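Asker: So TrEMBL says this about it:
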- C:20-146: domain 'Semialdehyde dehydrogenase NAD-binding' (DOMAIN)
- C:CYS170: active site, acyl-thioester intermediate (ACT_SITE)
- C:HIS270: active site, proton acceptor (ACT_SITE)
Protein chains: 4
Amino acid sequence: MNKAKLNNKSHNIMVAQKKIAGVLGATGSVGQRFILLLAEHPSFELRVLGASPRSAGKKYIDAVNWKQTDLLPTMAEDIIVTECKSEFFKDCDIVFSGLDADYAGAIEKEFVEAGLAVVSNAKNYRREEDVPLLVPIVNPEHLDIVSNKLEKAKSEGKSKPGFIVCISNCSTAGLVAPLKPLVEKFGPIDALTTTTLQAISGAGFSPGVPGIDILDNIIPYIGGEEDKMEWETKKILGSIAEDKTHIKLLTPEEIKVSAQCNRVAVSDGHTECISLRFKNRPAPSVDAVKQCLRDYVCDAFKLGCHSAPKQTIHVLEQNDRPQPRLDRNRDAGYGVSVGRIREDPVLDFKMVVLSHNTIIGAAGAGVLIAEILLARNMI
Amino acid sequence: MNKAKLNNKSHNIMVAQKKIAGVLGATGSVGQRFILLLAEHPSFELRVLGASPRSAGKKYIDAVNWKQTDLLPTMAEDIIVTECKSEFFKDCDIVFSGLDADYAGAIEKEFVEAGLAVVSNAKNYRREEDVPLLVPIVNPEHLDIVSNKLEKAKSEGKSKPGFIVCISNCSTAGLVAPLKPLVEKFGPIDALTTTTLQAISGAGFSPGVPGIDILDNIIPYIGGEEDKMEWETKKILGSIAEDKTHIKLLTPEEIKVSAQCNRVAVSDGHTECISLRFKNRPAPSVDAVKQCLRDYVCDAFKLGCHSAPKQTIHVLEQNDRPQPRLDRNRDAGYGVSVGRIREDPVLDFKMVVLSHNTIIGAAGAGVLIAEILLARNMI
Amino acid sequence: MNKAKLNNKSHNIMVAQKKIAGVLGATGSVGQRFILLLAEHPSFELRVLGASPRSAGKKYIDAVNWKQTDLLPTMAEDIIVTECKSEFFKDCDIVFSGLDADYAGAIEKEFVEAGLAVVSNAKNYRREEDVPLLVPIVNPEHLDIVSNKLEKAKSEGKSKPGFIVCISNCSTAGLVAPLKPLVEKFGPIDALTTTTLQAISGAGFSPGVPGIDILDNIIPYIGGEEDKMEWETKKILGSIAEDKTHIKLLTPEEIKVSAQCNRVAVSDGHTECISLRFKNRPAPSVDAVKQCLRDYVCDAFKLGCHSAPKQTIHVLEQNDRPQPRLDRNRDAGYGVSVGRIREDPVLDFKMVVLSHNTIIGAAGAGVLIAEILLARNMI
Amino acid sequence: MNKAKLNNKSHNIMVAQKKIAGVLGATGSVGQRFILLLAEHPSFELRVLGASPRSAGKKYIDAVNWKQTDLLPTMAEDIIVTECKSEFFKDCDIVFSGLDADYAGAIEKEFVEAGLAVVSNAKNYRREEDVPLLVPIVNPEHLDIVSNKLEKAKSEGKSKPGFIVCISNCSTAGLVAPLKPLVEKFGPIDALTTTTLQAISGAGFSPGVPGIDILDNIIPYIGGEEDKMEWETKKILGSIAEDKTHIKLLTPEEIKVSAQCNRVAVSDGHTECISLRFKNRPAPSVDAVKQCLRDYVCDAFKLGCHSAPKQTIHVLEQNDRPQPRLDRNRDAGYGVSVGRIREDPVLDFKMVVLSHNTIIGAAGAGVLIAEILLARNMI
């Protein structure tokens with residue numbers, strides 16, 4: 001919490017520049033996280049909270065069943081919840097969506113058509129080829145598709161178009177974080193396997209994972225998750241088409257991805273046991289892999305984004321790390337921890353990756369995406 | 001518990017034939033499990049309990065800190081604990097060792113030299129080439145090395161030699177169970193990866209895994225475990241040398257094995273996410289793999305062993321199974337459950353395997369090994 | 001599991017005498033437990049399974065989301081689920097109800113009016129003064145109200161009337177078990193406090209307690225539970241009115257009861273920290289209290305009921321017992337464990353009581369009640 | 001974290017005034033917490049870390065098995081660990097002791113004799129009548145015994161004597177926090193019962209509570225804890241003798257206290273279900289009790305102590321609060337939460353109290369005590 005960085009003068013300037021933010025699905029698990037992260041944000045002023053018609057008209061404190069370990073921010077308590085219609089969000093520079101997939105499709109479409117900028121945690125538009133699917137510490141350059149669209153509209157004298165940027169699936173975020181610098185340095189990855197041990201907060205809480213299912217137990221299945229991880233990885237590591245209108249996915253020939261997903265009795269923090277093989281021979285050394293990960297500085301940090309991790313990837317040397325309870329909060333949950341990097345008898349390397357599923361894997365990613373949009377003058 | 005199978009007559013015969021059994025390390029985690037399994041066993045009579053000098057001379061009930069969810073069997077309560085010296089076990093037909101590795105080496109050696117038959121859960125002699133390393137539902141034929149030795153001594157007019165049979169590592173047992181029928185039917189496996197989610201009972205309880213380390217947490221490391229899994233798999237799937245004096249391990253060229261081991265908040269039951277590729281092309285179909293596993297009947301069952309699972313491998317079709325809490329007790333913990341069998345984009349197949357780490361992975365395996373020894377007239 | 005007790009001859013006789021049983025709410029948490037307990041019961045033959053219209057018409061195995069740690073009994077798999085109407089249960093000698101309170105009121109009423117004998121786990125009729133509220137190891141004599149009604153109808157030449165017997169709340173069962181013998185021996189209790197640590201299985205599983213609420217957490221509240229405990233204790237320890245038509249509750253002047261209820265991360269087994277003060281002075285000694293509890297033999301056992309605990313109350317002497325994981329299964333969950341009996345600086349005594357909430361606190365109690373009804377020729 | 005409060009000027013002044021601090025038992029559970037709390041403390045400069053001879057001579061980062069969820073502070077990493085001898089701490093204005101009771105007795109005595117000021121978490125000197133036993137949000141006035149001693153020495157021209165202040169047992173802290181304002185407003189408490197549900201972090205971690213003992217389980221016993229709670233409450237609520245040389249305990253006639261202590265699967269935060277009866281009749285209303293607790297402002301806050309909670313007692317109105325996961329961090333763990341305040345059929349009132357066992361119940365209390373000592377010019 002580096003709130004003390006700014007002196008009074010710059011603070012006042014910041015206040016003057018604050019962008020108006022709204023949250024869709026504000027009473028849900030992801031929505032609550034957005035509110036926590038935005039409540040005292042230096043660049044955003046949280047002003048509009050949208051939820052179901054049942055909640056609309058109530059004070060937020062009366063509408064929400066607050067379940068975060070941090071207390072409900074005072075500033076949000078008395079905001080009157082609105083319905084999720086663009087008319088109530090028309091003053092917003094940025095809208096964060098924590099809507100369930102059942103609702104996100106129609107609502108987010110209406111918001112974009114109304115000219116709003118939406119950063120969404122829902123899965124509905126992730127596979128649209130002209131929608132960036134972003135892990136903000138990994139592929140912010142995919143936002144070029146949006147900036148291209150904005151510039152084109154501007155040059156044509158049109159009003160600023162609405163757009164949507166999708167946050168990746170939570171378990172995908174942890175997977176691709178170490179891949180990005182490795183691919184940049186050592187060339188393409190031929191094959192990639194991951195077995196996940198995922199936290200229950202990723203399932204939300206209405207009802208989420210039943211206690212009786214997770215106490216003294218593991219659930220070796222999360223609906224749709226393995227397909228998401230395998231597909232999203234190919235988009236996030238893919239490249240922007242030459243005409244800057246869409247993303248070209250990696251083909252199965254370019255990368256083979258296999259995921260096995262498990263739910264475990266952990267509150268926050270997804271652990272992934274990853275193996276990978278590079279296309280190029282010989283493969284780099286373990287030390288070279290470690291150094292590459294340590295040296296990686298994400299663009300969001302270079303852009304000076306408030307939430308960007310100082311150390312994007314923490315390479316841990318102790319045998320028994322990373323552990324969710326001990327390492328999930330590195331860099332306030334925006335940093336990813338990688339441990340046990342070693343040679344793999346089947347592929348080239350294996351390693352354990354830990355990422356905070358509700359920060360870099362969900363709401364936190366959304367906020368950092370918005371910071372990048374702001375730094376790039378896209379909002 | 002099929003104790004009712006026998007009528008009074010056969011029961012009396014059985015009693016007459018009961019073999020005398022002893023337990024080394026009787027107060028420890030594995031020792032307690034041996035006692036539970038032997039207390040009412042139709043073929044073994046538990047008579048000698050060995051533990052540390054500190055416990056020797058006490059009644060078992062006073063020496064032990066009983067931690068099993070089943071109550072301490074009455075028959076064991078008043079047995080006076082002895083030291084772990086062969087002289088006290090000389091009447092035993094079979095000795096089960098639950099000793100810690102720190103003590104097992106010297107003590108088990110002394111027992112074998114004294115002519116005793118030892119089934120050990122310790123790791124000390126697993127890598128001796130003339131010691132069978134057994135998962136009793138997988139490779140009981142490796143006992144031929146011992147029977148060969150016994151026959152040879154007999155033909156030479158020597159007294160019956162002592163011998164040792166080692167129980168495999170707990171996580172290895174679950175891994176190799178489905179491999180055996182697959183290899184028999186579809187030929188050798190080229191590559192094999194497993195990521196384990198292991199129960200804390202596998203770590204014993206003095207002190208075992210600290211509560212603060214496992215509550216809301218995962219430990220992505222178990223000392224020595226990955227190496228054990230990778231090495232033991234090569235021995236268990238290996239073959240008996242022509243002269244029947246030792247086991248020939250599979251070479252790294254014959255099979256590549258890669259393990260990643262994690263400790264999770266589960267009391268009993270190791271879950272493993274496995275991927276494998278066969279050497280032969282084309283690979284079999286998913287249905288053929290399932291059928292092969294379903295059809296497998298382990299030799300111990302064919303031999304009529306009391307504890308042998310009626311169904312060696314349970315192929316589960318529900319998406320979210322196997323789960324430790326729901327499936328670990330199939331066939332009283334001697335059966336292995338396999339679910340989510342599906343194609344793997346990187347290797348050929350992936351699946352989830354669940355085995356009961358203290359039954360088929362430890363003490364239970366020891367008892368079933370002894371039943372096989374008995375059925376084969378080796379004790 | 002003493003299923004082997006009977007020889008073939010008596011077994012045949014038993015089969016001939018088996019009473020037909022039905023289960024209402026068969027797909028729910030309590031219903032599943034009823035099925036487990038009835039599947040191989042020597043006196044009851046499970047024949048009818050009732051559930052919601054959504055499930056009616058399906059095979060049970062297809063209708064249920066089975067969540068028990070014991071496997072679904074084969075005999076129940078193919079039973080076609082019916083709706084919860086008495087016409088489908090008309091051949092039943094006894095009907096066990098695991099219905100939710102939302103449905104139990106109307107359905108159970110219809111069943112009783114149709115002349116059926118119902119043992120219900122629902123709370124709806126517990127407070128009717130002519131309905132026995134039973135903990136079968138505590139107050140089976142309250143069934144006299146029902147037998148009186150049956151005899152009256154018989155003497156009047158009327159057809160056998162339907163009736164209902166209610167199972168107590170799960171946490172009440174553990175509380176009153178040790179109180180009964182103490183009151184019988186030492187006279188009335190003046191004041192009683194209990195703080196409970198209740199298992200999550202008590203909340204059922206649709207959805208029951210959310211995982212995120214119970215992992216690394218306690219919920220110091222269970223809706224309605226404290227009032228139930230305080231009220232039900234007064235009924236269960238109350239006496240039958242002289243005319244045998246209803247139960248007279250203890251008055252607040254006769255006993256003061258105070259409960260504080262908590263939900264904790266335990267799968268099965270309610271722990272209660274109890275304090276109590278007798279009305280009579282001087283209070284008995286700690287040793288006398290222990291002896292009284294040890295000596296208690298419940299009437300159900302004297303009647304020879306199949307499920308009755310051999311030892312009703314287990315008095316544990318180790319400081320750190322009872323523990324749910326180690327002690328909940330004593331006497332197959334029908335026995336209650338009491339430990340740490342000691343003097344209390346505020347009231348007279350304090351102690352820790354553990355009872356299995358789904359056995360003696362719910363479905364198991366229902367089955368034992370039916371066994372008592374059978375032994376008393378009431379069904 | 002209000003580190004931003006100070007401008008540069010006052011910051012420099014503070015630095016100039018910083019008191020030198022040392023920590024005994026620095027590698028242990030409590031020691032690690034002291035280091036976390038002192039690392040960036042505005043008034044203390046952590047300079048000396050004492051541990052066992054085995055650790056002495058090593059850098060702290062190499063000596064410690066860091067197990068906190070917050071990262072090891074950089075400033076502590078390279079401090080060379082010393083043995084626990086006063087000669088190494090002679091420059092310390094204040095020494096915090098997290099020593100085990102096995103070592104604390106002799107070491108702390110030597111430190112006091114060497115003229116050092118010691119704030120200890122160990123139990124060894126808690127029952128000395130001239131040693132204040134402090135819950136800093138409750139009875140800081142008991143420090144008068146020490147200030148009296150210091151003034152006396154000064155007036156006699158002697159050098160400043162060493163002294164010790166003891167931190168209360170962790171579960172006692174939560175218990176007495178709400179009692180203090182109640183007693184001040186409504187007069188003495190006649191009887192008090194508490195049943196605790198205590199977190200495992202209170203047991204330290206070498207080895208602390210074994211995982212197998214706490215997963216799906218409760219341990220209804222913590223050695224010595226109930227006696228500590230019953231005794232310490234009488235001292236903390238006791239008064240200073242007229243000659244200001246010792247504390248007069250409340251007598252059993254003045255207050256009856258009964259505790260039942262349980263260990264549960266919670267990482268941090270002790271929950272207590274409390275009942276109490278006042279001596280004065282009529283008892284106050286529930287609303288009056290709530291208001292009294294809400295209005296309480298601890299002296300440490302009035303003194304301006306850095307760590308003192310802004311709201312000492314949080315009265316929560318939701319039925320299902322306080323919960324450890326949601327409420328333990330109120331006021332950074334220095335605030336105590338009280339919920340479910342209601343009438344009690346046996347005593348007068350019952351309520352649920354939650355306090356952070358490692359903050360206000362251990363290391364955090366020590367730091368706040370030191371802040372009070374500083375504010376009172378006693379160090």
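Each position is counted from 1, following the chain as shown.
Backbone N, Cα and C atoms are what each Cβ position is placed from, and that goes for glycine too.
In TrEMBL, annotation is done automatically, which means it is predicted and not curated.
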Asker: Restricting attention to the domain 'Semialdehyde dehydrogenase NAD-binding' (C:20-146), give the mean pLDDT.
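Answerer: The answer is 97, the mean pLDDT of the model over that range.
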Asker: Measure from the Cβ of C:CYS170 (active site, acyl-thioester intermediate) and count the other Cβ atoms within 10 Å, all protein chains considered.
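Answerer: The answer is 27 other Cβ atoms.
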Asker: Rounded to a whole number, how many Å is the Cα of the residue listed as 'active site, proton acceptor' away from the Cα of C:CYS170 (active site, acyl-thioester intermediate)?
Answerer: 8
Asker: According to DSSP, which kind of secondary structure is C:CYS170 (active site, acyl-thioester intermediate) found in, if we only use helix, strand and coil?
Answerer: helix
Asker: So if I draw a 10 Å sphere around the Cβ of the residue listed as 'active site, proton acceptor', how many other Cβ atoms end up inside it?
Answerer: 30
